[in-house]
Amino acid sequence: MAALWEDVLRNKQAVQEAASVAVDAALLEGVLMRTEGEPNASDVVNYAPFTLLPSAVPSALFEQAYAVQQDFNLLVDAISQNKEFLERTLASTIKVDDFTARLFRIHMQVLEEGLAQSVFLGINRSDYMFDCGVDGTPALKQIEINTIAASFGGLTSRTAAVHGRVLKVLGKSKEAARLLPNDPSKGLASGIAKAWELYGSQSAVVMFLVEEVQRNIFDQRCVENELWNRNIRVIRKRFRDVFEKGSLDDAKRLYMDGQEVAVVYYREGYVPKNYDQQNWEARLLLERSRAVKCPDIATQLAGTKKVQQELSQPGMLEGLLPSRTEAVARIRATFAGLYSLDVGEEGDKITATAIADPDRFVLKPQREGGGNNLYGEELRQVLEKIRDSPERTSYILMDKIKPQPAMNYLLRAHSPLQVSECISELGIFGVYVRQGKEMVMNKAAGHLLRTKAIEHADGGVAAGVAVLDTPYLV
C-alpha cells in the first residue's frame, strides 16, 4: 500500500508541475479558506491545505465504514433519548469537568420544563483509522464520533475534482476515473431541508450559528448554497446576536430579528472557549425553543468521550439498541480498546499500566475540535500528576492505533514542497431526522479523508495539522 504512487514520487519535475496545477485547481474548485491574518474577510483567501495525491484506502474497510454509519446514527439518537444512561455515564465526569457539567445542567432543565422540540436532526461524523495488527492486516478502528459542528463536508465535496485533475496531468487518466464521487454538502443540506420542512413554516429560516472567527466559512457556504438552491432562507448569527436579539413567543417559537427560526445548525459551541456567561444564556434560550437544533444538547452529550468509553462495556450496546443484533455486531467490530479512569481498583490499575507503558495509549479529555489528546511522555506526566485525584475521571484512555504510513506531499500555502511520511483518518458523515418517535431519514451522506505527517500525533484540518485528501480504493 505504501508504494501506490512510487513512480510519481521519484520524479521531482513531475511533482513540481503537478503541484502548481493542483493549487490552481483547488482555487478553481473553491477548496478555500480565509487567511489567518484576515479570518473574517473574504477579499483575501487562499486554498485549504490538501495532499498532492489521493491516498490508498483498503476498499473493504471503506465499505465497512459506510455500512455501519446508519447503525451509529441510530445509536447516537437512542443515547440522546436515554436520560438515565446519560445521567449514569456522565456522573463522574460532571463532578470534575465544568464544561460538560454546564451542558448537562441545561439538558436537565430543558427536560424538566418539557421538550418544545418535536423534530430532531442529527449530523455526525464517525472518524476511523486503519490499525495494522501484528500480522500487518489493516482493521477499521473508530477514533471518535463528532455529534456537533462536524466540519469539512463542504470542502471535501470539491476535493476529488482537484485530485482527478492532478492524476490526469500525471498521465493517470485511468486512475483518475476510479476516484469516487463524494458530495457530503448535498447530503447534509438534505437533512437540514427535511427538518425545515417538518417544522412546518414556509416563511421560517435556517440559522447557522457561527463562531466569532470564521476562517472556515467556505466549507459552511457549500451547505448553505445547497439550501438556497431549494429556496430555503439561511441567516448566519453568533451567540452574542442570539443573546441580544433572540426571543421566544408563548409557543416557544424562536425569533431572530423578527424572523422565525425553524432550524439552528451549530458550527460553534463545542469547546469551553466558545462560551462566556452571555453565550451560556443564549444556548439555554436556543435549547428551550421549538426550533430544530442540530444538535440538541442531549445529542452533543452523546458525543462525549466518556460516553464512547462506556459504550465499549459488555452489554451496553444491547441495552441501547435492543433486538438489533447485527447492528450491535457491526458497531462493536469498529471499537478500539477503551478504558475508564474512574476512581476505584480498575481505574487505578489501568492508570498504573499507562504510566508504565505510555506509548500503548492515548489520553483523551472530553473535548471536540482536535489538538486535545495526549501521547507518550506528556501522557505519562499528566497521569502521574492526577493519578490520585478525581480529576483523572475527566479523561478516558484508549489503545493507540498504529496505521501503516505512506509517502505523499502536503500542499500548504507559503510552505516548501517536500515529501512526508503520512497517515490518514477516514470520516463518514451521517444524517438522520426523527419526528416524535418515527425515524424519517437515516443515511450515510459522504466521506472525508484527512492526512497528516506522522510527526504530528494529534489535530485536524481546522487545527492546522491535517490536510484534505481523497481516498483511492485498493
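Cβ coordinates come from backbone N, Cα and C, glycine included.
Here is what TrEMBL records for this protein:
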BINDING   Arg125, 148-151, 214-216, Gln220, 267-270, Arg450, 461-462  substrate binding site
BINDING   Glu144, Lys305, 364-373, Tyr375, 398-401, Glu425, Lys452, Asp458  ATP binding site
BINDING   Glu144, Asn146, Glu368  Mg(2+) binding site
DOMAIN    204-302  domain 'Glutathione synthase substrate-binding'
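The average pLDDT for the domain 'Glutathione synthase substrate-binding' (204-302) in the predicted structure is 98. You'll find the Cα of Tyr270 (substrate binding site) roughly 10 Å from the Cα of Asn146 (Mg(2+) binding site). When Cα-Cα distances from Arg215 (substrate binding site) are compared across the binding-site residues Tyr375, Lys400, Lys452, the shortest belongs to Lys452. Put simply, of the binding-site residues Glu144, Pro365, Tyr375, the one whose Cα is nearest the Cα of Val461 (substrate binding site) is Glu144.
For Asn146 (Mg(2+) binding site), the nearest of the binding-site residues by C-alpha distance turns out to be Arg125; the candidates were Arg125, Gln220, Glu268, Lys400. Most Cβ neighbours within 10 Å, among the binding-site residues Glu144, Glu268: Glu268 holds that distinction in the structure as shown. Of all the binding-site residues in the list Arg125, Ser151, Gln220, Glu268, the shortest Cα-Cα distance to Glu144 (ATP binding site) is found for Arg125. Across the structure, Lys452 (ATP binding site) and Glu268 (substrate binding site) are spaced 24 Å apart at their Cα atoms.
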